[in-house]
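**Q** Have a look at this one before I ask anything.
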Amino acid sequence: MKHFSDQTWRSPQQSAVITYSPAYTLVPTYECFNRCTYCNFRRDPGMDEWLSLSTAQQRLLTVRDRGVCEVLILSGEVHPQSPRRAAWRQRLIELAELALDMGFLPHTNAGPLNRAEMIALQNVNVSLGLMLEQLTPQLQRTVHRAAPSKDPQLRLQQLEQAGELGIPFTTGLLLGIGETSRDRLETLEAIAACHDRWGHIQEVILQPHSPGRQQAIQHPPLAPDELIDCVAIARQVLPTSIAIQVPPNLLTQPQQLADCLGAGARDLGGIVPYDEVNPDYQHHDLDELREALAQQGWQLQPRLPVYPHLVDRLPQRLQTHVAAWLNRFNSQSRSS
């Protein structure tokens, strides 16, 4: 499909363009069988009412005319052996179908999936995501000791499975949870090696641990300089086709965003009304962010939740949805 050529979308590494995804988050359930000590999201299994389709539709109607493109379906994890797992999977599919029917582009992040689950979601999402977090097994004795699905080899297998299936994929590192600099490098190298095999990873999120009021154990925040250093290392390790993302609402120092961009970050992720994972850190006003970046010589532009060079991997039905949004973004760009 020629709409997705490099002539339409310049590589962010070769321009002054900083991208973001105009997004809205739907949470099918906050219940999760993992107990990560730093989590500000989860509720105990059976203690949360699942999101109904009618409620989801009502919420999406409120943002339909606000320029929102991506519907991020971000879910707590129902145990793979739970009798509710099949119903949970079906709710994920139904929410993605609803988003498509209402003119949005869905992206789902719901933890590790078996092959059949991933294929089912592949058919109704323009991309999928899962944070690799850190590959070191040491964290299974500390922050992840009560989080079975944070097994690093299980999560790395998810990246491989997505690659085998040809799914555009987002992954990332959680920084400042007890890992070493060497651990970070090895995690980045593993992502790069997986991408070399399949060419499916579109972006890597570098997310600094940011303490919140709901977490079980208070861990210190990541030092600002460590994030900047990690961005620079990631830009050296990862192929240029993989965008490096930093979440601007988690950058607490005034100069930190500028320094991360200078080190090679080119994407700000989903700008949403409410950060479900980090509820104590809300996003800045988009117009103010755009103006601040412009003063530094950057141009903030919206993007799709699937990167242009990976659109051809999508089912034809999803490519049609993507083409409509790309035409819309291009029209907005020409008129601005």
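Just so it is clear, glycine is given a Cβ too, placed from its N, Cα and C backbone atoms.
Pasting the relevant annotations from Swiss-Prot:
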DOMAIN    18-249  domain 'Radical SAM core'
BINDING   Cys32, Cys36, Cys39  [4Fe-4S] cluster binding site
**Q** So how many other Cβ atoms are close to Cys39 ([4Fe-4S] cluster binding site), meaning within 10 Å of its Cβ?
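**A** The Cβ of Cys39 ([4Fe-4S] cluster binding site) has 18 Cβ neighbours within 10 Å.
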**Q** To what whole number does the mean pLDDT across the domain 'Radical SAM core' (18-249) round?
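**A** PLDDT averaged over the stretch: 96.
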**Q** For the recorded [4Fe-4S] cluster site formed by Cys32, Cys36, Cys39, name the remaining residues of the chain with Cβ within 8 Å of the site's Cβ center, in chain order.
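**A** Not counting the recorded site residues, we get Asn34, Arg35, Tyr38, Phe41, Arg42, Gly76, Ala147.
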**Q** Can you check which residues sit near Cys32 ([4Fe-4S] cluster binding site), meaning Cβ under 8 Å from its Cβ, same chain, 6 or more apart in sequence, and list them in order?
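**A** Correct list: Cys39, Phe41, Arg42, Arg43, Pro45, Gly76, Glu77.
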**Q** Under 8 Å between C-beta atoms and at least six apart in sequence, can you list the same-chain neighbours of Cys36 ([4Fe-4S] cluster binding site), or say none if there are none?
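**A** Long-range Cβ contacts: Arg42, Val143, His144, Ala146, Ala147, Lys150.
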